[in-house]
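**Student:** Have a look at this one before I ask anything.
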Amino acid sequence: MSKKRLYEIAKELGKESKEVVARAKELGLDVKSHSSSVEEAVAAKIAASFKPAAAPKVEAKPAAPKVSAEKKAEKSEPAKPAVAKEEAKPAEPVAPKTEKVAVKPQSRNFKAEREARAKEQAERRKQNKGNNRDQQQNGNRQKNDGRNGGKQGQSNRDNRRFNDQAKKQQGQQKRRNERRQQEDKRSNQAAPRIDFKARAAALKAEQNAEYARSSEERFKQYQAAKEALAQANKRKEPEEIFEEAAKLAEQAQQVQAVVEVVPEKKEPAVDTRRKKQARPDKNRDDYDHEEDGPRKQQKNRSSQNQVRNQKNSNWNNNKKNKKGNNKNNRNQTPKPVTERKFHELPTEFEYTDGMTVAEIAKRIKREPAEIVKKLFMMGVMATQNQSLDGETIELLMVDYGIEAKQKVEVDNADIERFFVEDGYLNEDELVERPPVVTIMGHVDHGKTTLLDTLRNSRVATGEAGGITQHIGAYQIVENGKKITFLDTPGHAAFTSMRARGASVTDITILVVAADDGVMPQTIEAINHSKAANVPIIVAINKIDKPGANPERVIGELAEHGVMSTAWGGDSEFVEISAKFNQNIEELLETVLLVAEIQELKADPTVRAIGTVIEARLDKGKGAVATLLVQQGTLNVQDPIVVGNTFGRVRAMTNDLGRRVKVAGPSTPVSITGLNEAPMAGDHFAVYEDEKSARAAGEERAKRALMKQRQATQRVSLENLFDTLKAGELKSVNVIIKADVQGSVEALSASLQKIDVEGVKVTIVHSAVGAINESDVTLAEASNAFIVGFNVRPTPQARQQAEADDVEIRLHSIIYKVIEEMEEAMKGMLDSEFEEKVIGEAVIRETFKVSKVGTIGGFMVINGKVARDSKVRVIRDGVVIYDGELASLKHYKDDVKEVTNGREGGLMIDGYNDIKMDDVIEAYVMEEIKR
C-alpha cells in the first residue's frame, strides 16, 4: 500500500499542515511533523475527521456578531467541569459581608470589629479548605478518568484547542472586513484630485493677460504725457524763450570767470513736465528712486537684477546722452575743470642702489612718464619698473637740481658695530670702572688656589685632578674698589678658553710655580697676553716650598720677553704663597695700581654690551649664560641678542648666587631667558625692543648657517684622491656632552687632534647638559659611544643605554679622556703581522700510503717544527708550496713540535708531491704592536 505525507493531506483538504498534524495526534497517531507519512487508510480516517468540524466556519456570517461572548463560550464548551461550578459558590456570601462592613455604627466598637473580622477569616479558611478538598477529589476523579480513558481526554483537549483556533481565525477575518469597509468609506468621501498642471497653466495665462493690459495702459499714459508737454512748449511766447536764453548765457559767463573759487551750486529749474508713473505691479527698491520709462515686454519677468543692471549701465547713460535726448540737461551747470596741483621739488634726495623709476617718481612727486622721458634724453632706456644704479640716479637728480645722497644702511644684526662705533659712548658720561683681571698659568701652578684665597672660599678643593675645567668669573672688593677675576684652565686643551679670557681682560696675572719654572702653557699665556696688548703681573707662587727658586723663574721669563721693572721692563713681579696667604695684599695693591695707570672708563647710561664668558644648559632653568658687562648697564627684562641667539633677561644672579636686577660695567652675571645656549666668547648687546632683538637674532643664525654650508668642502681634482683615501680610514664616532660650552669646545678640538694612522675621530654630536634618551638613540643609530664630561646620564637614559648596548664613558679630567680615546683608536686598527721562521727540516725518506697520502720522514736541522706552524716546501732553492701541516708525529705518537736534531714524520695539507732532500721551512705570523 502506498503512503501519504501529512502536508499532502492538508493540501487536498485545503487545511494548514499544523491542523492536520494536530488532528493526527488527536487520533492517537505517532506523527512528528507535516513531513511524516501515513497509510492511505489512516489518511482517509484523518480526512473524515475534518468533515463534521466544518460547521464552525458558518459562524463568519453577519448574524454572528450579535451573539455575546458568554453565549459563544457556553456553546463551544457544552460540558464544563464540576470544579468551575464549585469555584463560583464562594462568591455568594461575600456580597452581604461587604455591605455590613460598609455601614459604620455611630460609636465604633473596636473589640466587636476585631471579633467580626476574626469570624470572617475563620469562615473563609473553612470555605477554602472545602474548595481545596473538592478540587483534590475532582483532580483524583480526572486522573482516574484519564487512566481509564486517556484517549478521550486527549481528544477533548484537542477539540478545545481547535475551537480556540477557529475563534481566533473568525476574529481576524472580522477585523479584516471592518478595515476594508472603513477604507471604502474614506475613498468614497475623499475630495477629487487637483490637476496642478491645468491650474498652473490657468494662472500663467491670467498673469500674461494682466501684464499685457498694464503695459498698454502705461504706453497710453506715456503718449498722453508726451503730447501734453509738446502743447505746453508750443504755447510759450518768443519773449519767454529769449529770456531763458539770456539767463543761460549769463550762467556760462559766470562759470568761465571762476578759476580757483568753486561756484555755489544753483538749484535746477523746476521740471513742469508730467512725471512718469512707476509700474503698478512691481515693488520699487528702497535705494533706487529713479522712474521707469516705457519698456518692451520681457520674457523673463522674475530677473529683477537684469533690469537693474540695464538701468544703471553705461549703455543706458550713453543712450540718454545721444542727440535729441539732452532736453533734461539744459538747465544743469557744467562742472568746473580742477587744475592740477603743483608740487615743489625736494632740496635733498636720499637714495639706495636699485631704486625703480616709479619709486623715484613717488619720492620727488613727479609722473613716471616725465622721468622716463628725461632718462631717454640722457640716453638711458628705462621703464617705470626698471631699477637704476646709483650713478644714473645722481645724474637724474642733477638734471632736476636736487642734491643726491646715498643712504647708508645700518646692519641691525651686526653686534660688533657697538664695540667699534665712536658715537656709541657718551664722553660726558664716562666713569671709572673696575678692572677685569685674568689669572693664567700652567697646570697645577696654583691659579685656582690663588683665586680661592682671594674669595675666601674653597672652590679649588672641588676641582678634579687639580685642573680648572671652565672659566669662572668672580668679583672681590679691595680698599673699597671692585676687582673682577677670570680663572682660566691651564691644560693645553683649553687654548681657546685662555685666548677668550685674554680678549676681555684688562690685566693678566701670570702664575708661575717657583719650583717648576716656565712651562709650555706659561709660554702660551704670555703669547695670548701680548697678542691682546694686556699688561702682565707675574705672581711667583709656592715660594714656601723647599725647592723654590724665584730668581730662576725671573730669568726664564726674561728669555720669553717678560721683563721685571727692576730689570728695566714693564711687568710687575710679586712673590706669593697662595696656600698660606702670603703677600696676597701686595698682589691686589699692584693690580689696583696698574688699573689706575690704565685709566679704565665705561659709560653706564648706554644699553649694555659685553662678552659671553661661559654658557651651559640647565635642566630646570634652560640656557644659562655667564656674561661680562663691558659697557652700559644690564637690567632684568632687557631684550638681548647673544651670539646667534636672542631672548629677554628673565633672571640675573651674581657670582655669589644672589639675584640682582642691575649689572654695571665690569660685572659678571649669569642670566636666563635665552632660546638656546650661546657659544662661549660670543658678544652680546641689548636692543630697544624684543621685536628688533628677535629679528637680529634670527638673521645672525641664518648667516651662521649659510657660512657653515659654504665652508663645506667640495670634491675637486686636487682633493679627489685624499677623499678616496679617507674612505678607507676607520672612524670612531663620538657624542660629547659636557657641563659648559667651553669644555665641549676643548674636548672636540682635543679629540680631533689625536693622530693615529688609519683611524679618525668623528664628532657626531656635541652639546651642553646631561646625557638624555635622545643622545642614546643617536648613539645607537650612528654606532657611537658617549663621552660625558662633568655630567651624568638620566636614569631613563641609563636604562635605555643598557637595553641598546650603548657605551657611556664618564670623565672629569680631560687628559684621561684623550688617553682613553687614543687606546680605543689604536684598538680599531687592523692587526699587522710579521713572519718569523722558527725552524728548518730536511726530508730523508717518503712513504706513500693509500687513501692517506704521502708521508715525509724528516730531520730537524735548525730550530723546531711546530704543529700549528706554517711550512714551505723548498726544492733547489725555489719555494714549491706554502701551506699548513696536516699531521706531525714522532715515531707513532702525535706531537705538538719536533725540536732540533730529532726525527719525525709529517703530512702537508693538500700537497703530496714530497721528495727526498726537500727543505721544509717552518714559520709563524707574529702581531706587531702599533
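Note: Cβ is positioned from N, Cα and C throughout, glycine not excepted.
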**Student:** With the ranges 33-40, 441-448, 545-552, 897-904 to choose from, which does Swiss-Prot describe as region 'G1'?
**Tutor:** 441-448
**Student:** From the ranges 1-4, 541-544, 629-632, 657-660, grab the one Swiss-Prot calls region 'G4'.
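**Tutor:** Result: 541-544 is the stretch Swiss-Prot calls region 'G4'.
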**Student:** Helix, strand or coil by DSSP: which one applies to ILE543 (GTP binding site)?
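**Tutor:** The three-state answer is coil.
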**Student:** Residues with Cβ closer than 8 Å to the Cβ of ILE543 (GTP binding site), same chain and 6+ apart in sequence?
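**Tutor:** Sequence-distant Cβ neighbours: ALA514, PRO550, GLU575, ILE576, SER577, GLN582.
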**Student:** With every protein chain in view, what's the tally of Cβ atoms within 10 Å of the Cβ of ASP444 (GTP binding site), excluding that atom itself?
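**Tutor:** There are 17 such Cβ atoms around ASP444 (GTP binding site).
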**Student:** Just to be sure I understand, if DSSP states are collapsed into helix, strand and coil, how many residues of the compositional bias 'Basic and acidic residues' (110-125) fall in each?
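**Tutor:** For that range the per-state counts are 16 helix, 0 strand, 0 coil.
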